[in-house]
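Feature annotations, reproduced from TrEMBL:
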DOMAIN    12-597  domain 'Major facilitator superfamily (MFS) profile'
TRANSMEM  46-66  transmembrane segment
TRANSMEM  78-100  transmembrane segment
TRANSMEM  187-208  transmembrane segment
TRANSMEM  241-261  transmembrane segment
TRANSMEM  297-315  transmembrane segment
TRANSMEM  335-355  transmembrane segment
TRANSMEM  367-387  transmembrane segment
DOMAIN    405-460  domain 'Kazal-like'
TRANSMEM  485-512  transmembrane segment
Amino acid sequence: HYGLKFNFKLYEKQTLSFAYFAKALSGSYMKSTITQLERRFDIPSYLIGIIDGSFEIGNLLVIAFVSYFCAKLHRPKIIAIGCILMSFGTFLIAMPHFIIGRYKIETSIRSSVNSTNNLSPCPASSPESLWAGDRPSILPSRGCEKESSVSMWIYVLLGNILRGIGETPVQPLGISYIDDYAQSDNAALYIGCVQTISIIGPVFGYLLGSLCAKIYVDIGYVDMETITITPGDARWVGAWWLGYLIAGAITLMSAVPFWFLPKSLPMPVEKSENHSFKHPFTEFVPTLKSLLGNPVYTIYLCVTIVQFNSLIGMVTYKPKYIEQHYGQSASKANFLMGMINIPAVALGMFSGGVVMKKYKLTIMGAAKFAFGTSLLGYFLSLIFFAMGCENAKVAGITVSYSGYQSLISVCNSDCSCTSREWDPVCGENGITYVSPCLAGCNSSTGSGKNTVFNNCKCLAVANTQPGNLTATLGQCPHRDSCEKVFPYFLAMSVLSSFIISLGGTPGFMLLVRCIKPELKSLALGIHTLATRTLAGIPAPIYFGAIIDTTCLKWGYKMCGGRGACRIYDTSAYRYLQDGFILTLHAVSMGIGYPSNS
């Protein structure tokens, strides 16, 4: 009997740990595909923020029902159903890839890709061609009808909502199941193990995102020799769908073990006497008033809401920030998040718990420690303002052709160029041109990625030294000075993340210790509800909207309308995003300061 009970306890802990790992894996993978989804569906950052926040919306739709009513049912099977819903939602996110058709790249390499002499990038002007020039002519007309029939990103939104609904029972029912049937001395250890496993999930999620971002979106369906862009290109889309299939399969597997857990286990003696379900409806309002009447709890709740806004906004778009500001590929940005930033946060939270135990911090000591680490992290974060890179030199956007800021200039006026296309080429003068046509190139040699454009008249305008006036495919790389700044940015990012997360565990213990034992469940529930409603949903949306304001060149959809951003004003991007993060950080410290007095 005792051997069977012990095995079930161990099995229960391992099963819940696997579920936590699966949900953390799929959640972090969603964050890693932000830029891939933007480019694939041609949507702005604020819309990606809505998609990202839809997970919290799904969670909030059923959290009250699950937390109260499902606690009386067969909790392991409810969790299993939740995992199945999560996996279906993850599969639904990947579904558009299989019905949207192949990804079409804006490119000047039309036909004759296999010949050494391609069509001229600078076609002769005519009224008809000038009119058609503002409409991408790369894709077949039937594709427009297909695209206009439905916005495929809706499936991603619905899938993420379904993920949120499925995730809801995992934490409250899983933790309560462990706490009810474990010895009091062992419950904290079991829960700690489960939480630790959940931290490993994001590491693997970002690493999976890094791997899939290296693979071209239509791998297996297209001849890779015909693909003229690289993973560092603003038009590159990785195999975002592949990671969702993998994450969905892992989540589906995590549901299986829960079907073999019993509805209840033998309860420890000290818990069996007091274990009973209550109906708190009649006592809810007075209890809530008592809870919110606690000034320490109320201040902590406000502080964490503001802090979570800053944290969620930063984490959601940090890979994108690394891509746009430092010229790194999506694959490398995700790899760095998974291997450097996430472990730094996990180590900080663990170290904070060690400090609390070693120095036996009181409630006031925990509050002061959390405030001190937050203040130190704030001052370290100020250094990010000095770690900037200049804007990429793009003719007609960040640098002028000949004294005025316009894509059309004397050097390319003889060509019927479209200003909507984004097909960058790097001139030998180190300046990027939006397209070979806008660079004034008259001919090209080579094929595929080896194409070289010749006799580019616009290079002569900005080039004081004689040269061949040639340009190659792709945007010019960032300067060496930017490459030198990047390692320092990573080091400061890791250090500030570690120091700020040091206060995470003491802060959470402050929440637990400042309230009456009978109010803990309600306090944690209100805290989760408030942070998800007031931070998890709005933060990705308004941070995305802020980022959108710094766009210098928007893409255009085939059927008309604005698409995804192609290039940003990196200085404005840095000042706005970092400034907003630091402002929220300062507000949270301002709110929390009275609790330390």
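Along the chain as shown, the residues are counted starting at 1.
Cβ atoms are placed via backbone N, Cα and C, with glycine included.
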Contact check, the transmembrane segment (485-512) vs the transmembrane segment (297-315), 3+ Cβ pairs under 8 Å, seq sep 6+:
yes
If you average pLDDT over the domain 'Major facilitator superfamily (MFS) profile' (12-597), what do you get?
80
Cβ under 8 Å to the transmembrane segment (335-355), counting only same-chain residues 6 or more beyond its ends: which ones?
28, 32, 196, 199, 202-207, 209-210, 318-319, 322, 328, 361, 369, 373, 490, 493-495, 497-506
